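Beneath this line is the structure, given in structure tokens, with notes to follow.
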Amino acid sequence: MSRKQAELKLDEQQKPKEEWGNGLEFLFSCISLSVGLGNIWRFPYIAFQNGGGTFVIPYLIALLVIGRPVYYLEISLGQFRGGGVLRAFDLAPLLKGVAAGQVLATGASITYYSSIMALTLRFLLASFSAELPWSSCRPSWGSDCHDGSSANASGKMSPAQLYFEREILHELPNLDDGVGVPNWQLVACLAVAWLIIGAVLIRGIKSSGKAAYFLGVFPYVVLVVLLLRAVTLPGAWSGIVYFFKPQWQELLNPLVWYAAVTQVFFSLAICFGTVITYASYNNFHRNVYNDIVIITTMDSCSSIIAGCITFGILGNLAKQTGITDIGSVVKGGTGLAFISYPEAIAKFEYVPQMFAVLFFLMLFVLGIGSTVGMGSCILRVIRDQFGKRAGPSWALAGALVALGFGVSIVYVTPGGQFIVNLIDFYGVSFTALILAIGELLAVAWFYGARRFCADIKFMMGIETGWYWRLCWAYITPGLMAAVLLYTLLNMEELTYKGVPYPRIANVFGYILAALGLLQLPGWAFYAYYKQRKNGSTFWERLCAASRPAESWAPATAQLPQQQ
């Protein structure tokens, strides 16, 4: 067999069985993956926790020097390799633990994202009522409620906040007595959410690609409608000003930068393996440069729009309650979106039920886009590792659904939001930052930025500019390392709405973080051990384990056609 025939055979063996139908399917799938719950649900409450405008500036800076460069790197890496995230890290076996850690973080993310979908579905069903149940005070809430009609509402809560915390969550004040018993209504909604996720995963990439046209466009229509309503509420502009006006002294707070960097990960879905997985189904020679600009721009715009809606509503609540400090209007927390958005919808003069249905349907659709991407990443890694031994797609997706549903039940207990916050910090955000630094080191230093740029030229026929090279090799990992160092030096005890966690919860969080981070030394030792025949000294084996594995190869051996 000639070398060319061998290369073509390799090409056929590594080519994924599924591919996007066309470039637009890939573009809209990436938009539905990136513009998801991380923007509409997570961004507003993270911005609120970190001072509004104080957070927006670091977020935009992080988007430019971390978000875009890493997104370009991951799409290029996935498209070049044509495999899941573990296979992509064949370029630096010594750091393959980065990929394994990212898969674990993705597994943690999909469990609590599904619980957010369950809350969304619960609100969606309630939206079909003759009167929105969070539009007015209930007698059972007593004197804790204000509906805007009282002249003195200081210290009271809105109907939307009380409905969410007392009627939907039945939220506990702390975890001293455990998390409580799961709410059967939320468990049923959770089951429906996982069944839909499983159904999309079983049908595969081509099915989700067709759905992406709707998943990527519909949310923007609803967001624009909500934005127009939010900015016309009395007092809204004071909230929007708070969202954009920074407290300059707080920009030196490393925890704000930590929140901004990790939010970029969630907004763009980078450093979790999902972008690499989606790119692996792409046409090998597709020029993705314009796609990256479009996706990252739309992502940041959707986050800013969501922030304007949320803070506009908070400004309105501040005016109603007589509170001058926007940051004190509500306690915040992971459920902020389920307070602020329903509050705005309830103030619609005409058919608020219709807008409520549209909004929560949009949020549910966003959840599908996010969770399907995560599930695809996990399933692709399993197929890459075990091939046909992994079983048929329906069985693999069914197993993921069953396991994910079982784990997610803890989030729909009265103490579930405490657990969401705990898992989000220890199991996802904290480990994602460390693993992201490892990803940049693997590509730009172990494999080499120059070699990676040569791969991009071979694949797409374009030169890589100095901006990308400098970010991959120096600026992006340097900024992330600085943020990580300052965060570790200034880390405080984790709280939820100002309530500390019991010691056992923090211990569980440390174990969860360790589980993800121990993948680094574990896989490094395995890579080193495999090189025992390739060197007699420690240094020789270490160097051998740092070089690309024998299995590392492009998804195709054919040069791009000349234009």
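The backbone N, Cα and C atoms fix where each Cβ goes, and this holds for glycine too.
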With C137 as one half of a disulfide in TrEMBL, pick the other half from C145, C189.
C145
Near C145 (disulfide bond) in space, meaning Cα within 10 angstroms, which of the binding-site residues do we find among V35, N39, S267, L366?
none
Same chain, outside the transmembrane segment (256-280) by at least 6, Cβ under 8 Å from its Cβ: which residues?
16, 26, 29-30, 33-34, 36, 38-39, 42-43, 46, 49-51, 54-55, 58-59, 61-63, 66-67, 70-71, 74-79, 81-85, 88, 99, 102-103, 105-106, 109, 250, 288, 295-296, 299-300, 303, 370, 373-374, 376-377, 380-381, 429, 432-433, 435-436, 439, 479-480, 483-484, 486-487, 555
Sequence-remote contacts (6 or more beyond its ends) of the transmembrane segment (425-447), Cβ cut-off under 8 Å?
66, 70, 73, 77, 89, 91-92, 94-95, 97-98, 101-102, 104-105, 108-109, 258, 261-262, 265, 270-272, 472-473, 476-477, 480-481, 483-484, 487, 494, 509-510, 512-513, 516-517, 520, 546, 548
Chain-mates of V35, N39, S267, L366, S370 with C-beta within 8 Å of site centroid, Na(+):
L33, S34, G36, L37, G38, I40, A269, D299, S302, G369
Taking the transmembrane segment (184-205) as the first stretch and the transmembrane segment (394-413) as the second, find out whether 3 or more Cβ pairs fall under 8 Å, excluding pairs closer than 6 in sequence.
yes
Between the recorded positions C145, L366, the one whose Cβ has the fewest other Cβ atoms within 10 Å is C145
Check the recorded positions V35, C137 for other C-beta atoms within 10 angstroms of each C-beta and report the one with the most.
V35
What residue among the binding-site residues S267, S370 has the most other CB atoms lying within 10 A of its CB?
S370
